[in-house]
Amino acid sequence: MQHYTLSCCGGVKASLPPPLSFRWSKIKREGGRRLPRCARIAAQLELKPPPYSLSSLEPHMSRETLEYHWGRHHRAHVASLNNLIAGTDLDGMGLDEIVVVSYNKGNPLPPFVHAAQVWNHDFFWQSIKPGGGGRPSGRLMELIEKDFGSFDRMLEEFKRAALTQFGSGWAWLVYKANRLDVGNAVNPRPSEKDNKLVMLKSPNAVNPIVWDYSPLLAIDVWEHAYYLDYENRRADYVSIFLEKLVSWEVVSDRLDVAIERAAERAREAETRKQEDDTAVTHSEAVEMYLDSDTDDSEAE
Amino acid sequence: MALRALFTKGAPTLAFGLGPFASAGGSGTRWQGLCHARGLKVAALPDLEYDYGALEPAISGEIMRLHHQKHHKAYVSNYNDALEKLDAAMAKGDVPAVVRLQSAIKFNGGGHINHTIFWKNLKPVNEGGGEPPHATLGWAIDTDFGSLEALVQKMNAEGAALQGSGWVWLALDKERKKLLVETTANQDPLVTKGARLVPLLGIGVWEHAYYLQYKNVKPDYLKNIWNVMNWKYASEVYDSEIA
């Protein structure tokens, strides 16, 4: 199974002024929604705590790691994001929307790295739990077997993605609709079987929602995620993550949501197609009417 | 030194470069014959010129040991591995395999290049580490950046702002004879930013370079590393390129 690598301009710098930041400032001013100081709505995003105590993942992920990873790295991204979006068009948007808008189709704006890392880390903490591991069941297991051959082969793919993400980044199990990311791409014979699970890896802060995929599981392979507990041994970290930490229940719930979302999209697309067909029929009738009008005038 | 002997023991396999093929002698397959004829030169992990603990308190001995023995060594092994596979693929004319191997070669080869320079960029304080540059390089820094402090500030700012993993470099554009500060992502060597660029100093800002000691406070690492900077090495490279 091929890996898909999401590439973005690796190493986006936040502090130097490339042309992008100039455009970013312009958006801030032209947005027209910069409120006067006294009336500014500070829609502050919050640092969400993991759904377990910081020491409950020991010995697989130490309390010290959680204290730094969640308490410093994740917290700093929340603070930076709030700072950057305050008083701009992004202020007040949901986090998903901020991520997609600031990704700017591959030319990320300064808030992107922070927005995406906040999103990624929220997603990561929810993907694991004390006493995790084991095997999935039900629809998730069926899809895994269909798209990877077997559970063990899926695990191998996941490990390979995590270990071959050179540098900082993430590895993802993702549910995607089998369509191109262009406006007029039409699947002539759509079926639910087109949707499938794939393995992805992404650099730095990039995540699959910018490609309109539905992430199901993520592992952070930035060194800060594992260095205190595993030093350079990323392979050990990934194995323990899969054997002892991953919450297949959460992954399964996410799959259900993703399947429902894909089904709704398919229904919307079908409705839109029917509306387009109807519109074409109406305009043909109008044209015929105009033509006969012209004929009459010529006859006279 | 005991630690260095460890590397010398491991080195012969790498130095002869044939790994599992080394024992082939004359009764080899055509592929092994080709390997001999081509004289495939592989990478070897260089020794450090100082003890692991000698750069303290700027960089801890624990970090130096892991950085050299684990990270750099892995780049060397993986590069050699990829190189052997590349040789085999080229001999067979297996174009897809040749293309597929490029990223592993770039990443691990780059890692080997960058870290080899890095170890030479550092020096214990009692051997001259941290002593500012004089003469030609010193004047060039003043000309191109205003002062040494300004250069240090600029490199630290770029290093701090670098998202993810990478390097910040003091580079010499050998054609224009100008100094500049440049960054590269992941293990990309400086030449990927321009064939005219020669690395004088590089600071690794991968988290493995500082995390055990500085945790997420990258700016402190960047501040302290200048105390063990080997400006003498940078000057030598500069003088030899300018001449």
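In case you wondered, yes, glycine gets a Cβ from its N, Cα and C as well.
Heads up, TrEMBL stuff is auto-annotated, nobody curated it.
The structure displayed is predicted, hence computed values, not measured ones.
The Mn(2+) binding site annotation in TrEMBL covers B:His67, B:His115, B:His208. For B:His115 (Mn(2+) binding site), applying a Cβ distance below 8 Å and a minimum sequence separation of six or more within one chain yields B:His67, B:His68, B:His71, B:His72, B:Tyr75, B:Gly204.
Residues or ranges marked as domain 'Manganese/iron superoxide dismutase N-terminal' in TrEMBL: B:45-122.
According to TrEMBL, the domain 'Manganese/iron superoxide dismutase C-terminal' annotation covers B:135-236. For the domain 'Manganese/iron superoxide dismutase C-terminal' (B:135-236), the DSSP counts in helix, strand and coil order read 53 helix, 25 strand, 24 coil.
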Between B:His67, B:His208, which of the binding-site residues has the fewest other CB atoms within 10 angstroms in the structure shown?
B:His208
How does the model score the domain 'Manganese/iron superoxide dismutase N-terminal' (B:45-122) in terms of mean pLDDT?
97
Could you put numbers on the helix, strand and coil content of the domain 'Manganese/iron superoxide dismutase N-terminal' (B:45-122), residue by residue per DSSP?
62 helix, 1 strand, 15 coil
What are the other residues, in sequence order, whose C-beta lies within 8 angstroms of the center of the C-beta atoms of B:His67, B:His115, B:His208 at the Mn(2+) site?
B:Ile63, B:Leu66, B:His68, B:Lys70, B:His71, B:His72, B:Phe118, B:Gly204, B:Trp206, B:Ala209
